[in-house]
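Visitor: Dropping a structure here in structure tokens format, bear with me for questions.
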């Protein structure tokens, strides 16, 4: 979310099982200095129970964290990132707002990795090999890890932090976690910035299942793409794929890797999915300056892509070339790639840089069932693959996880809404929910308008893509995001003061 993989894409693709390396630990607390870009931190591990909710065993694992106390002063706040579906490095690099706040707030900066992602593997190399292991991968288990982590930092790791305020930060699925962290553990977390968090995107949340592609299409059309150009492109690909000469033309035009050459007319499906995935991902990271979160991209990449599709192509070849220019901008803007590997069963997806390709699919095959599909014209400019059904999705889950003894009863479409709330969060407090109008995941956000309800704030960034406000300050930032970050900063300061006032009261 956060950074999420489209469920429609998952239905059409499979991924290879990746076994991750064990973290190298020394006495259970391996640590060393690291830096990513301009951000510096200590990497370490703390011991966490594999099952914090049961009292049947004492099994533990090494949970990874990043810590920076360069600007921390005794009693200062702890800015706590709730790690989401990927290795921790990517989120530390792309959550500059926390790093920017640390000097002003005299704060410690903490990132804690989500269990089963990155180096936080409860069963080391066996974590993904059996449902008896992978079954411990869930949002509620991760939240318990975070709660334990706060106690570790306050009591053992950060000097004088026993009464420090804790402010949770997260984007996408991490934003959902930061909000739920505050809701589930209000005695531990004093406030949360939940950016681009689709907290109401569950089976029973009553959001349109095709809203993601509706927003993707809106973003591209608003940026200058011609709807007919895109739709003619799909038709052109289908027609060209029917002949040997047409497939050869597409193999050359798209510079397809030998692993993903078009060999028959049905192969066009994976090429179309490859293009669609790039467009859906590009809409998420449509920032006003060059970035490399999911892929190296120029400023306002959707606008740049639409320069190639401002008018319908006059021939099938021209229409196919328009889509090629869009997909090549996403996957190869730097020009470093000589070929495109488009078959997702054999190649990385648009989200490959996040790592752990099977972790999030497993969560969507158990607790995080999020209906998502395209319905075609007039909703979007993709092809129709709606309706989303649990039965159809269960087939994907069985295909992907049957080798580790998964069965269809583990797909629980109502689990997420039951655990956290499918349509409302009545116990929420001290949370800022920020969503971007340009971000497809805003369709399942807390609200679609600016609103204040008690101490819960909803804010919409009209020029905002996926958790834009969490990124660090940049010379090309919009004035809008500067104002939103200023508002969020004031909210955080208010929560810190409330914590100090309440701590004094009970001294």
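Cβ atoms here come from the backbone N, Cα and C positions, even for glycine.
According to Swiss-Prot, the protein carries these features:
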SIGNAL    1-16  signal peptide
CARBOHYD  125  N-linked glycosylation site
ACT_SITE  172  active site, charge relay system
CARBOHYD  332  N-linked glycosylation site
CARBOHYD  407  N-linked glycosylation site
ACT_SITE  439  active site, charge relay system
ACT_SITE  466  active site, charge relay system
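Can you tell me where each of these features sits in the structure?
Guide: Within 10 Å of the C-beta of residue 125 (N-linked glycosylation site) there are 11 other C-beta atoms, taking all protein chains into account.
In this structure, residue 172 (active site, charge relay system) belongs to neither helix nor strand by DSSP; it is coil.
Neighbour count (other Cβ atoms within 10 Å of the Cβ, all protein chains): 16 for residue 332 (N-linked glycosylation site). Mapped onto three states, the DSSP output places residue 332 (N-linked glycosylation site) in helix.
DSSP classifies residue 407 (N-linked glycosylation site) as coil under the three-state reduction.
In sequence order, 196, 215, 283, 284, 464, 465, 466, 467, 468 make up the list of same-chain residues 6 or more apart from residue 439 (active site, charge relay system) whose Cβ falls under 8 Å from its Cβ. DSSP classifies residue 439 (active site, charge relay system) as coil under the three-state reduction.
Annotation note: residue 466 (active site, charge relay system) sits in a coil segment as assigned by DSSP.
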Visitor: Out of 172, 407, give me whichever of these recorded positions has the highest number of other Cβ atoms within 10 Å.
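Guide: When each Cβ's neighbours within 10 Å are tallied, 172 leads.
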Visitor: What is the total of other Cβ atoms whose distance to the Cβ of residue 466 (active site, charge relay system) is within 10 Å?
Guide: 30
Visitor: Report, in whole Å, the straight Cα-to-Cα distance of residue 172 (active site, charge relay system) from residue 125 (N-linked glycosylation site).
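Guide: So the alpha carbons of residue 125 (N-linked glycosylation site) and residue 172 (active site, charge relay system) sit roughly 27 Å from each other.
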